[in-house]
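To keep things clear, I will list the structure first and then write my remarks on it.
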There are 2 protein chains.
Amino acid sequence: MHTHTAPVRRTQVERCCWPSSLRLLTVCALIAGCSAADTDITLDAKATLNHRIQSLDLLVFVFLLALTVLTIWLFKHHRVSWLHETGLAVIYGLIVGAIIRYAGTNTTLVHMQVEPQGIPTYNAKLPPDTLWFKYPVNQTNATKLPEGVKTYAYVFRGQVYDIEENEIDLKATFDPEVFFNIILPPIIFYAGYSLKKKYFFRNLGAILTFAIVGTTLSAFLIGGVMYGCVKLMPNYLSSSFTFLDTLYFGALISPTDPLTILAIFHDLHVDVNLYALVFGESVLNDAVAIVLSGAIQNYGEHYSNTGEFETTAFLRSLSDFFCIFFLSLLIGAVMGCFTALLTKFTRVRDFPLLESALFVLMSYSTFLLAEATELTGVVAVLFCGICQAHYTYNNLSEDSRQRTKQIFELLNFLAENFIFSYIGVSMFTFPKHHFDAGFIITAFICAALGRAVNVYPLSWLLNIKRKPKISSNFQHMLFFAGLRGAMSFALAIRNTVSDARQTMLTATSLIVIFTVIIQGGAANFFLNWLKIPVGVDDETEQLNNYQVHSSDGYLQDVEGGGGGRGKTRLSSGADSNLDTPLDGNAATATIAAGGRRRNSHEKAILARIWGNFDTKYMKPLLTHSRPTLLETLPVCCNPIARLLTTTQQLTQDGSEFRRVDSDSDICIDNDTGNGLSQDGLGVGRRNSINRVSIRYMGDTQNLLASYRNLE
Amino acid sequence: MHTHTAPVRRTQVERCCWPSSLRLLTVCALIAGCSAADTDITLDAKATLNHRIQSLDLLVFVFLLALTVLTIWLFKHHRVSWLHETGLAVIYGLIVGAIIRYAGTNTTLVHMQVEPQGIPTYNAKLPPDTLWFKYPVNQTNATKLPEGVKTYAYVFRGQVYDIEENEIDLKATFDPEVFFNIILPPIIFYAGYSLKKKYFFRNLGAILTFAIVGTTLSAFLIGGVMYGCVKLMPNYLSSSFTFLDTLYFGALISPTDPLTILAIFHDLHVDVNLYALVFGESVLNDAVAIVLSGAIQNYGEHYSNTGEFETTAFLRSLSDFFCIFFLSLLIGAVMGCFTALLTKFTRVRDFPLLESALFVLMSYSTFLLAEATELTGVVAVLFCGICQAHYTYNNLSEDSRQRTKQIFELLNFLAENFIFSYIGVSMFTFPKHHFDAGFIITAFICAALGRAVNVYPLSWLLNIKRKPKISSNFQHMLFFAGLRGAMSFALAIRNTVSDARQTMLTATSLIVIFTVIIQGGAANFFLNWLKIPVGVDDETEQLNNYQVHSSDGYLQDVEGGGGGRGKTRLSSGADSNLDTPLDGNAATATIAAGGRRRNSHEKAILARIWGNFDTKYMKPLLTHSRPTLLETLPVCCNPIARLLTTTQQLTQDGSEFRRVDSDSDICIDNDTGNGLSQDGLGVGRRNSINRVSIRYMGDTQNLLASYRNLE
């Protein structure tokens, strides 16, 4: 066993080396240092060098981002519309990646084959966490081991797969888990936090159908078709792919990316319903895809022994999928509501810095909590973001509202541009790419196919019951808006141990790059070609909607709310929605509209039930909105309701301003046709009035006094 | 050599295990998984477990921070002044640390002693980067090695010092480099960005003396006294300490912490000059200390062979110290100015999000650049922050000003509270503490002594020439304000390989905890006791200052500026300072006042020369301020000056508003005594007017037209 010698082997690794003099200088310094000093100093110098190279790696990306920012400005300044920021980031990334690849020098990484000291007793199932390795530090007398020996610790890294290829991870690449723990969370949180709730809820049925049913359908279709195609290929790939591999590919290539297309839509003020459909779907299908791919991974690793289809294993994976999705959703929602309670029942809003810090900490802890309980942090922060926007935002001080919005906007911007730069750079620097033309072409076709299956049949199904039908132009645009992005890439790069996975990574990277640059660039053209209305103002859209639904308006509302009192309650409750982010006066209309469209289709009823529950119990509990729980809960619960109602909530009604609000609401309810413009005005006015009244109510002493008067 | 058996050893490591059921559940799942599945799955489960534990570790700190935030709010709400946020963070940290320590369960880490496969040929000076280790994964047939063997990679970690103690880093602790790369940069950057420049420059001489001379003096004194005391101690410590060790201790315990004391000063509106002295000193001495300790470290490792004093080695360390300090300063300043140029010559301010992103990216790249060139990133970001505030801030859009200020304020808040929580937690969880009562007591005494040597003799020296003398009450307060904080702790925990270093870490942690809680808590009382003026308004202070200096006012100014034209130039130049952060109208007064106080003392001349240069060349180049370079540069440089002058800069003078400004400035210069209140008003008015004029000038077409008219 100990017969063959294994001297120190040197692996040539192509390193990310910018041809900068800095680097050479250090190496020189290192070598110069070596001759005079002992191992400790050399080790120290090496650690310093490593730190400097890491800094340089990061610096390259920061520089890339700064360059992207400046170029975006230039493009925006000159109104260039055929290339967008994410596309730009990818292109710059590709250029810099190519430079690093071909202009870089090679660094030698040294590795050594070792074996246990003495007679090995492998009494554990797992390899040890650390190895302790004795190494003679004094070169001059290498034969005398015991004298100059130091013990070094080596930490477990992972399995070595390609012993022959001698490839080792490059430094210009990051641990893929960085994406899931640092880059994606702010992007996803911001997506939730900035969701335009009015149109989101109005299109909830379609969005959920597209996101959950569509993504799953697309994943299985792509998985199946790819499996068939791969098996038909003559090369060695066909043996390395299992059905689970292609299914995993289907799951990771199905989610669409919200960033690029929405930036375009936003700039052009595209039709709000289309916007809501694309945004809502792409945000939710990211969440679906990450859980789905996790379930597929689990199926392969834990439940299935043969790699073929097994019913019990499938069912267990299915239950995993739903459990993880809904538990993550629950954690996110609970943490969001908990933050709302904290901000409602403390007066931490008096100190906006503390309030913002609390908000950020609670949102981040949602992610950590989900990860610590083996759920999906990304899904949790998405729903946390939605809850924060829906409830907590209303309790925040004006300063914190602005600050949190701005901070997450900036974080989102930096994170998304970073990930697209990285996709570009890693095309050249990541060592585990595996190009296979056949697979790539098939992948492109399947990706388009999957998107088509997602959009067209489901739109047809939805259109059966849906009142404002999804027109065929919208369907084409939905199909076309299926860019792939950050989530696909992050899922693909997460696992690159086998040839199959490496081939998938390459195909995914290329699909992302192609769709972001070409589809993203052509989006403008397509919008024109498909005659999608652009330059649509939210307000006009809102008015149109009222007119569309005025036919089944007032009477049903009265029925639903239970007479006159119910009506008033509903309308004054809707008031609380005033200050939702980005689209303050939107939610009011949602609920009102939701009440009017009772019979239009099934989903609307679901949305309305939720809206009612939200207005009656959730908002009164979590925010300072009216009606209070004192009004909505049964009389027997009054003591609890009193506890959960703040003085601010109670005294809001006492002010003159609120009566004006309620009046204008009732007025609209009575006369839907005429009240439209009045509502448009009224909301705006109420919005500012509301703020005044909150400020007016700021004095705790006054509040308490009026509270007692009310009692 | 291969005779003794070294079976797998199990090290009992006290882990940070919260008694939560979550943890137990995973472990159970892990064990349950083991029985049925193979090594791969177990490894996978272990990786998952590790990820979850890391999330849990972070979650604890996030939870601690959230708790601290809520408690701070409660304290501020009830006006509790005897405990401040940093003290609170430390106390919570201590409590949680104790819980983790004593309620935690033990986790077993497995390590194995290995040796090279075959005949070892140690042909390299360094131990290899990675070890490849073959391990049989199939338990049932452990004798047949070749069949079920997998190769695992192990990555170099570091030297194992205490082979007997079997201690391995805990997980509730972070890599100390985290502090220097993630936690300290935003704190230090924010310190630079929020520096109150008026009082900072006015007290520049005293601040530089305290920070550079004082810190060095204090470090050497503490180092010397500690060395003497340690050598007198009877225990084994005396042998493990070298003079360099105690000197390093002197360097790390000398910097004072700005956070706690300034929070108190800020709340109380303490005398602005005292505020400037304490702030300026503690910000700068952090920078001095980090470079000084680096130089001492270098001296020990590279230059000195004996560990005793050597003149050449000392001089090389000294030159290192100055080179690193000034090169870092230079990089920071250059990057700050580069950002100013970018924001001046592009119209990126039209897109505030892009502008903010650029600002953040450039500031972060300063840090990375300094680290990549083996300089000190923390020092670079400090001066970058100062330059960003002094120049770039003036070019930013209103939105970006607010956003960058708010973001860094929040980052600073989170980072400083994190570090103080961590100090508390690590007292219990960090494994390398070494308690030695004698050393700790000596350290406390020496720390006080060092502070005294820093404050009293230097104040006496400064008072010889200084006009507004540093009163003895102020001196006592300066002495008392010498809390130790983040920088001391970060430097102490950076290197804990020897007993001496571990003892130093323990002493430093205790000093930080004591000073932050006790001294921080008593600051209020001391301010009262020393009769330091509190509740001082900036404006009144400004007025007082004019009155103090009105004696040597106007005439010298005219002399200095070179007649009437010079005077006008100076005063209109001062205008450009209007929108500096936190204290918009402050800088105007600085330069004007600087001009008036020519003979008061030597430093004032230095400050004035800089002020003149700044007004004439730097500000016109880097911001949109008047006078332009066309006016200040010699005529021969006109083409270059034209290139470097923006239309906005030129057209500013064309507006009516600017004339009003200049008039009010001249008016003040002519009549210093009477112009005071006028100036106080004027500055405020100009401030708002200036904004109006910038907005008015926003239209590029208008600008261009008037530019051409001027030509």
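Note: Cβ is positioned from N, Cα and C throughout, glycine not excepted.
Copied from TrEMBL, the annotated features are:
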type	residues	note
SIGNAL	B:1-36	signal peptide
TRANSMEM	B:52-75	transmembrane segment
DOMAIN	B:68-529	domain 'Cation/H+ exchanger transmembrane'
TRANSMEM	B:87-104	transmembrane segment
TRANSMEM	B:178-195	transmembrane segment
TRANSMEM	B:207-227	transmembrane segment
TRANSMEM	B:247-265	transmembrane segment
TRANSMEM	B:317-341	transmembrane segment
TRANSMEM	B:376-393	transmembrane segment
TRANSMEM	B:413-431	transmembrane segment
TRANSMEM	B:437-462	transmembrane segment
TRANSMEM	B:474-493	transmembrane segment
TRANSMEM	B:505-527	transmembrane segment
Any contact, the transmembrane segment (B:376-393) to the transmembrane segment (B:317-341), with at least 3 Cβ pairs under 8 A:
yes
Which bits of the chain, at least 6 residues beyond where the transmembrane segment (B:317-341) starts or stops, bring a Cβ under 8 A of a Cβ in it?
287-288, 291-292, 294-296, 298-299, 303, 358-359, 362-363, 365-366, 369-370, 373, 375-377, 379-388, 390-392, 395, 618, 621-623
Does the chain bring the transmembrane segment (B:207-227) near the transmembrane segment (B:505-527), so that three or more CB pairs sit under 8 Å (pairs 6 or more apart in sequence)?
no
Looking only at residues six or more beyond either end of the transmembrane segment (B:474-493), which have a C-beta under 8 A from one in the stretch?
86, 176, 179-180, 183-184, 187, 210, 251-253, 255-261, 271, 273-274, 277-278, 281-282, 286, 289-290, 293, 416, 419-420, 423, 426, 430, 447, 451-452, 454-456, 459, 501, 504-505, 508-509, 511-512, 515-516, 519-520, 523, 526-527, 530, 532
So which of B:87-104, B:247-265, B:505-527 is most in touch with the transmembrane segment (B:413-431), counting Cβ pairs under 8 Å?
B:87-104
Winner by Cβ pairs under 8 Å against the transmembrane segment (B:247-265), considering only B:52-75, B:437-462, B:505-527:
B:505-527
Count the CB pairs under 8 A between the transmembrane segment (B:87-104) and each of B:52-75, B:178-195, B:437-462, then give me the winner.
B:52-75
